[in-house]
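As recorded in Swiss-Prot:
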- 1-159: domain 'Obg' (DOMAIN)
- 160-331: domain 'OBG-type G' (DOMAIN)
- 166-173, 191-195, 213-216, 283-286, 312-314: GTP binding site (BINDING)
- 173, 193: Mg(2+) binding site (BINDING)
């Protein structure tokens, strides 16, 4: 399934039906009164967060969505039928913004959340509504109101318990493929992962949790370098950040540089990311045979004040301790996300 996380759409609600000018025309009733019916209400365009969606692919090639207009009123006090609402399903985690101003309008973060994007036009009143003591035979009726016309941007932010961040080739894809059933593309060159990847992680008897592999960042990402910040929005909804660092490539002179580079990019994107709980994962320890060097690097990273876990995603060394720590932190911070929808797409 192709992953689409941002689209622009044009929504139109239905127009209200016109009211009718009509008079009774019956045998033996030469002066029948007004009997024009009202026009029907126009249908509205409604967005609903659905458990069965995990991408905005349905909106990739179709951009115009219009609800039905209301029917016109008729004689004999027959009111026009209301137009049907147009209900558009989107994944939970979809933010809808005004296309012109960029202002966020609604955040459909939970399945079942609903938002009326364009409300249907009101139906016009028929002439039967205008009878008064001084006007017994009104020859006027109202036209229906026009529906609303809006251009919107739909922006999907994936929801996960743990978000993997780090430079390209830090081993994020390998890690998520080992600890879950996710099968991202893996190769020994930068930017192998071009889209976010979700996986369900099970560890012992603990409740499962959702992990997201976010495409690698590079210096200047917040200014558009590499893959830019397109996928940084997905990190905002994670509860824990797992910052992966390739320990085998650390420079003796500046061992903290890769970590600080990514942290700087995250801070440039959103100050709130700096407040998230995080763990530091020093990956590829199997490529550092010198024990003294390994211990020295771990010690340097421990000084940053976050839990540090030396691991090898390839050999699975240290993964048990890492997963146990993630489970503990998640249990302390609240209920994990439902995993059923993720499992439907990545397997169990």
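Even glycines carry a Cβ here, placed using N, Cα and C.
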Surrounding CB atoms that lie within 10 Å of the CB of residue 173 (Mg(2+) binding site), all protein chains: 24
Cβ density check for residue 284 (GTP binding site), other Cβ within 10 Å (all protein chains) comes to 22
Row residue 312 (GTP binding site), column other C-beta within 10 angstroms, all chains, value 22
PLDDT averaged over every residue in the domain 'OBG-type G' (160-331): 85
Counting every protein chain present, what is the number of Cβ atoms, excluding its own, within 10 Å of the Cβ of residue 169 (GTP binding site)? 21
Please report the Cα separation of residue 173 (Mg(2+) binding site) and residue 284 (GTP binding site) in Å, rounded to an integer. 13
Can you check what DSSP calls residue 172 (GTP binding site), collapsed to helix, strand or coil? helix
